Amino acid sequence: MKRSMYAGRVREEHIGQEITLKGWVGRRRNLGGLIFIDLRDREGIMQLVINPEKVSAEVMATAESLRSEFVIEVTGQVAAREQANDKLPTGAVELNVTALIVLNTAKTTPFEIKDGIEANDDTRLRYRYLDLRRPEMLENLKLRAKVTHSIRNYLDELEFIDVETPFLSKSTPEGARDYLVPSRVNKGHFYALPQSPQITKQLLMNAGFDRYYQIVKCFRDEDLRGDRQPEFTQVDLETSFLTEKEIQDITEGLIARVMKETKGIEVTLPFPRMKYDDAMALYGSDKPDTRFDMLLQDLTEVVKGVDFKVFSEAPAVKAIVVKGAADNYSRKDIDKMTEVAKQYGAKGLAWVKVVDGELNGPVAKFLTGIQEELTTALALEDKDLVLFVADTLEVVNATLGALRGRIAKELGLIDNDKFNFLWVVDWPMFEWSEEEGRYMSAHHPFTLPQEGTAHELEGDLAKVRAIAYDIVLNGYELGGGSLRINQKDLQERMFKALGFSTEEANDQFGFLLEAMDYGFPPHGGLAIGLDRFVMLLAGEENIREVIAFPKNNKATDPMTQAPSTVALKQLEELSLQVEEDETNKTN
């Protein structure tokens, strides 16, 4: 029979109606001769009642054979429950079953289909189709669908054009490693899966599209963590003839629309703006979490005269004050934080506690001469814990920024109901890479430099600033954008500053440089990480929880066993040969 409605949508208004439902058996209970079944579908749970006095012996026998995750079809009359269940939207009603059909049976599942399970991540991914039956996973993906629907409606209203760009593209050097796809037809040549549609969307501006968007899959072969995946989705925008502020206004409107339609939250516009240098100085991060205080305090000049060379001779000394937390952290706890500090390049972590108005701790004796000045500078009070790092400015900021976030989580200082958006602006154009031994693009090599600093492309690259902007939410980079270079000579200077020879630039980006000979308009845009945005809206800590079929931290899929070896014939067709070892053999 045709399904009347979803089980999770049956309400008191349906009492007395005969309906047909289809779904999965969640739980089965025998009470006083009656059989109670929780029927589950994507919209929720409905209680079924099977009374031996009101059904045939065949229906009763079928009901007694049911096990968890059997797929069934039931017909019956909606009735009011004697005792309502306030925890369920359907809790005021139940279905008195008159007909029951088993559509499919099921083996015992490797974990219960319910929220709050304790199965490990790889087991959940191995049986992802079962994991996705759980209500919280269904809700996460329904939220994701609502977010994308809201985004599309908003951008369509603003006359953005949805354009698909190629997945098989050209490998270019800047950024993370590419996923390469060998060409069978052009032997020895490779496509790259795009890390973003950056260049193609810029070319669409040259083609006169004016406003482009795409909700697009992107690929990066990089080390994974909780908010990264080898394939991810971004909301990609590009516009012509707009200023930085106009692009930001459009983005703020988009986020405000999504927040209102999916969370019922009215966000305050415009979002705050913070310069990159201020974010690093005060929060130790280019993606500051502004939901709590505990700002970094610069003490470099204050400690210059102390008889402690670690402080007095350090390029930079900063501290964070953990208010009233002296008793929360033992020496052993602080030793653990010291190990965290070392992960960020710090040689150690100095600390003092304020006890009865005095400084106590390993370095307190070196600070007696400046205790009053230090107390004033840090606004110290009894029971405060002070953590110091002395090193290069980069190490100091990174270390204290990481400790700041860790401590806030441990002490419950973060209001998880807050959504604090802000723009980080006035970025450096380049950042120094110790690994590469050269300057790299902080964003990408197509970013427009600020006019007053562009002359440093042939001078001190550290002084070049970009017309770039990142949007940050609760300590996560939600997205980033910039105005782009549209003048050929400036783009060539940018490539040269990054170490490209003329030949290399033409080989890698010649098509873009050629396009700049044909009236390339001023343009700029932005991309928002959809997975990360939905993760934060859903209150999750890992983007796997909002992606239907993600990879694990080894970039593998435990369900399909991808990536896998392939037949030797396939490799021969591609003119490829794999060096074999015990862990990597072709079939």
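Quick reminder: no glycine exception, Cβ is built from N, Cα and C everywhere.
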Region 'Aspartate' per Swiss-Prot - which of 114-117, 198-201, 382-385, 442-445: 198-201
Further binder of ATP named by Swiss-Prot next to Arg220, Asp221, Glu222, Gln229, Gly529, Leu530, Asp531, Arg532, taken from the candidates Glu164, Glu477, Glu580: Glu477
Distal contacts, the region 'Aspartate' (198-201) - CB-CB under 8 A, six or more residues away: 163, 165-166, 169, 172, 212, 214, 236, 238, 444, 446, 509, 512, 525
Where Arg532 (ATP binding site) sits in the secondary structure, as DSSP reduces it to three classes: helix
Whole-number Å value for how far Arg532 (ATP binding site) lies from Arg484 (L-aspartate binding site) (Cα to Cα): 25
Maximum Cα-Cα separation in Å among residues Arg220, Asp221, Glu222, Gln229, Glu477, Gly529, Leu530, Asp531, Arg532, which the record lists as binding ATP: 19
Three-state composition of the region 'Aspartate' (198-201), taking helix and strand from DSSP: 4 helix, 0 strand, 0 coil
Among Glu222, Glu477, which are binding-site residues, the residue with the most C-beta atoms within 10 angstroms of its C-beta: Glu477
Per DSSP, three-state class assigned to Glu477 (ATP binding site): strand
